[in-house]
Structures are given as structure tokens and as C-alpha cells.
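**Q** Just dropping this structure here.
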Amino acid sequence: MSELDRTKNKPVLGIVGGIASGKSAVAAEFGRLGCAVVDADAIARQALETPAIREAIVERFGPGVLAGAGQIDRRTLAEIVFGDTAKLQALNAIVHPFVLRRAEELIARHRRDPGVKAVVLDMPLLVEVGWADRCDRIVFVRCDRARRVERAGRGRSMDERNIEIRENLQISLDTKAALADNTIDNNSDFSALVRQVVFIFSEMTKNS
């Protein structure tokens, strides 16, 4: 049982998978079916706009991480921390408490909302931060490496080396897949992804 104070028939679902595997697309489809999506990346962006966190990042990594408007340049920050475990851990120590605290608040709020069918955690480091046991169900999004590289290059300007560096700092995909209750294969077209999401949603909420 999760550490969260769950209410009956309001499951918490965590989505895991590789970079650019389609986790957010899966989360969005669950959202269209009546689930509330907790987007950890969006919360992290909010964290970087928080004065105290921004100041802590500048103090740790220097003023070079600031863009012209005085905001954190996320790309520059990523170039600094990825590939350096100590620096990445330092950044996570600054940002993660805000992200996890806010995520907990949102989960609690959504679980009280009678209009919400389930809560979906779109959290790239869900396993790494120890939140797998807070989920009633985990879904692994499987996608071939070549497809992920192509998607990352098109949408995030990341090449295969960038993906490799980042994923080497994370728990392996095999381990994440082994934790999953369901697997969505995202190597086909979008309609196939939607069908798989609908199936899992129906199975998950059939007793609600």
C-alpha cells in the first residue's frame, strides 16, 4: 500500500520509460479519459522560476546559468550537470524537494475531486526518487532506441549521445520494465497507442 492516504477507487498510475519514448503522450491520453495528470517537468519549470531556487542554483553553478532576462537557461544548466554525477545530484537536491512537495499536494487534491477517475504521474525520475511504491499501477512505455533518438532530435534537439549520457545516470530501462504492471508498445502509430491506453484505463477503473 502506498504511503499516500488513498481513497477507494481513485488509483495512482505512474508512467515510466526511456527518454522520448512517448510517456507524456500516454499521460495526455489518460488525461482525455478523465484522469488528472501530474506533470513533474512542468513543476520543475515552476521551481526554476522560484527566486529562492534560482538563487541557490546560481550560487552553486555560477551566473553563467542565467539567460538575458535573469531566468535560468535550462539548456545551459543541462549541459553543466549531465555527464557529471556530483553536479546532477547537487541540482536535484535543490529542485526535487519543491517538485515532490508540489506533486504530493496535487495528488491529494485530485484524489479528493469526484470528477477525477485516476491520477497519472508523468514523472521522468519516478523510480529514481523512490515513488514507484506510491503507485497502484506502473505503466512502462516501450519504444525502440532508433525511434526515440529520432523523436528526441526532432522535438528536443537531443542526439543519441545526449540520450545515452542522461540514461546512464538513471535506473536501467530493463529494471523499470520489470516493475511495470502494464507495457504500452509505442513503436507503431498513434491510434495503436490510444487503443492500449483505453484498454489499461478500462481495466484500471472497471470497479469504480
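Placement of Cβ uses the backbone N, Cα and C atoms for every residue, glycine included.
Unlike curated entries, TrEMBL annotations are predicted automatically.
As listed in TrEMBL for this protein:
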BINDING   Ala20, Ser21, Gly22, Lys23, Ser24, Ala25  ATP binding site
**Q** Other than Ala20, Ser21, Gly22, Lys23, Ser24, Ala25, which residues of the chain come within 8 Å of the ATP site, judged by Cβ distance to the Cβ centroid of those residues?
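**A** Near the ATP site, beyond Ala20, Ser21, Gly22, Lys23, Ser24, Ala25, sit Gly17, Val26, Val141, Cys143, Arg151, Asn186.
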**Q** Across all the protein chains here, work out how many other Cβ atoms are within 10 Å of the Cβ of Lys23 (ATP binding site).
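**A** Its Cβ shell of radius 10 Å holds 25 other Cβ atoms.
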**Q** Which chain-mates of Ala25 (ATP binding site) that are at least 6 residues away have a CB under 8 A from its CB, listed by sequence?
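**A** When sequence neighbours closer than 6 are ignored, Ala25 (ATP binding site) has Asn186, Phe190, Leu193 within Cβ distance under 8 Å.
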**Q** Quick one: among the binding-site residues Ser21, Ser24, which has the most Cβ atoms sitting within 10 Å of its own Cβ?
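**A** In terms of Cβ crowding, the pick is Ser21.
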